[in-house]
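Colleague: Would you mind keeping the following structure in view while I ask a few things?
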């Protein structure tokens, strides 16, 4: 045919190829080639002039080849262009000439189809109206249906391009479209399908101009809705669904919206009436239509013997119209009455075959029931597509509806032999398609297979349709014993076996059957199940996953070995592909408690690559790539460097601190007794453990780059060096894991006053611009109830009180922890290091425990679910969903609702936090007042004790002076030098070899924070004693850790800070030196007096120091019990 196209016009001068016989080899450009092709087609269609030789291809012979010629011409690309205008002009003239003749009208339409699609814009605008008139003339003739079909196809393209040009759009709308619709309505019955195609094109591209004929069009469509031809019925339904958009609408399409809703309610009312007529008496509790719709006036044929068939066909057409109205696009936002549509669907699907009588026309009604259910399921799918995830409030109804339909159509499915199609497979396929669509739209929120009776029923049906049929061999008993028991009685002679022809059965290998039987329902069930597992897998129960593993893995191996094939649905490549897809879904979305079958899946996919079907083998290759990415990732995963001790349970990732997020709850582990506390080894703990007296610190701490959660800080955030935990500011509390002490050293004892009675110390805020001795500013604005102890350098720490029982559990703070660095050790300006030592982040908040002071933190309610009850209800009607609205309107509405909900939640959270803080601060103020009263009483007692001790010392000194000066005064004056004054940092002289002096730290300040209320919790007998001590600097701690066995350096004298207030230690020392200058006379008296005076001096110094510190920070000292001997602090 191509040779005929190129050689048919060799005689014409315009069609000749320049360059002689070079042919296409002489053509250098594509446009030139298309021009030659156009001229060749023109030469084929028109006779040669000026020649007596007859044409090689007469026009009547070239007409059958013309559609093929047009298609071949389109293969070469667009024929439009400035260089082809002359050839296109020749084709336009030729097309108009052919359209005017009845015999050549089909050829003219073929040329016109090429010109409409390939002509440039200028040529199209010039000839569009004339072409439209020519087509209208063709529609008014009595041409054959093939010519009418081609004319309507050209009309559709003509209207599509004309709607893009405003001038042509206005001209055709006002002057030509009503006449065109009238011509289409007047076509004869055998051309009804072409007429519907033309009307659909007019309503699609020119909806406003069709408004004048809306009534006539509606009647025409309704008369064809119940047509017996499926194509004609589908076209009529599509045209009827476009009726609400016809005509001119007001602003924002209000009139169109009202028309759409009116048509929808009319369809619902008519469908309810038809369903009642079809199954009158078969419904247990029929739902009456209460909508505003008016029933349609459908044509009725009197004397029709098949009334039920006509009603069924009409029901099918109106249900399709309703589904198309829901699923097709509409120009204005509309409201869908979801509850009314679901009521109709449930009413239709509740008609069961068990309730239909088998007398009269009952069998015919039963015969029609599966098709009625199919239409209802199609309508449900259209509703899901139209409303999407906004149907979640009806999710329970939908999840119950699907297994109900499967139960009603599972009768007699197990009694058939393999190779036969099971009954009602089409209905079950439609149910599984709806399941897949519902899960695809709503995801894990669909709630499918997540427990309940409906989920178990659905899973049972899915597994039954997926499992291949098994060949059942029925063993028949001997003829003499119907029950199969052996015959007893007198033995008889053996008889010869006779061949029973009636019992001769064909072997199972030679059986008539369909190899693709049940493949559709099996593929649909596999597809729906794999989609459900992929979207809802982690939420499905572990038992369901195990059941699927037990079914799928042997089935895959049987398919690969050829054992399952034969008469099973897995002979179809589509079912095998969906089976592999289900296996991949089980691998990608496993249950948290059931490991995925990774090794078996890898083997199965590897063997699946050898499948004969390219579709199956290519899917297995893709699945292997996915599995390889899971098992061997190209980038190593981020594994946090946690502590060396194993964690007993997986810990969720830490969340950023937020004032609206409650701290994670960790249940407190059991508190072991002090005696049974392990001294070494890992001790996993689920939460902070309250301390009971001095707990030996056996902590194997995380590295210096780990935070308090055991995660690597460098992998999370870049923390400045000052905030990194270091040994000089990180104290192991009772809520931390134990570590081993340095080599050979006993575990140091942490007094409970350092842990503040077992509580986690609250951070104190220290603000400084430069680390200098004179620039320390202490700010306690956020923790006004805390107390701070500043201990001068060199002062020995007060010994801890003996442990007396377990302390009460720690109380959770009412608010979120505030991140603030602790106070670093104060250093001299000349020894200030270039990089300050790292500091630890604030400790995590302890878990909330039940107690009188514990306040529940505010919880953040997720958006869209107030109170966690369910999805938000609509303001006006819960059963109406707006669809087809613009994205901007929906986003503005959703943003407005979300902002209002967030503001309400934030106000509630802030109100709760303010109430909690007010209650907390009121309690703290009461405790402070009680402490002030106790402090005043203790201060008075301290002053009285000091006066009594001063009087006793003066009396003792007077007695000593009288004794000394009375007996040997001159010897004393001429004797040796006076005894040296004991410095305050030295231990008592009673046992100098037992007590080792502490290493002298650099000058610094120690901040210890104690929450008031600890004394009330401990009671009067176990009140915590403040143990002030000086923190060592970083360098000294490193030296101590590096050489723990090394001896302590010699103590240095305490230097007075220029910015610190003058202490009373030096004055007391000087007074003590003046008073104890004379040496004793006798050794016994001397020793007794020295011991007495040393003890009194030490007690007084400690009491004075405590009083001075209490005056400085208004913190009452605890002097109710005499302090035990000083112990060395590690």
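Note: Cβ is positioned from N, Cα and C throughout, glycine not excepted.
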Colleague: Motif 'LXXLL motif 2' per Swiss-Prot sits at which of 59-63, 64-68, 69-73?
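Modeller: Of 59-63, 64-68, 69-73, Swiss-Prot gives motif 'LXXLL motif 2' for 69-73.
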Colleague: In Swiss-Prot, one of 145-149, 150-154, 155-159 is tagged motif 'LXXLL motif 4'. Which stretch would that be?
Modeller: 155-159
Colleague: Do you know which of 349-353, 354-358, 359-363, 364-368 Swiss-Prot annotates as motif 'LXXLL motif 8'?
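Modeller: Here Swiss-Prot associates motif 'LXXLL motif 8' with the stretch 364-368.
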Colleague: Taking 106-110, 111-115, 116-120 as the choices, which stretch does Swiss-Prot tie to motif 'LXXLL motif 3'?
Modeller: 111-115
Colleague: Within the region 'Required for modulation of ESR1 transcriptional activity' (2-80), what mean pLDDT does the predicted structure show?
Modeller: 51
Colleague: Give the residue counts of the motif 'LXXLL motif 5' (177-181) per reduced DSSP state, in the order helix, strand, coil.
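Modeller: The breakdown for the motif 'LXXLL motif 5' (177-181) reads 5 helix, 0 strand, 0 coil.
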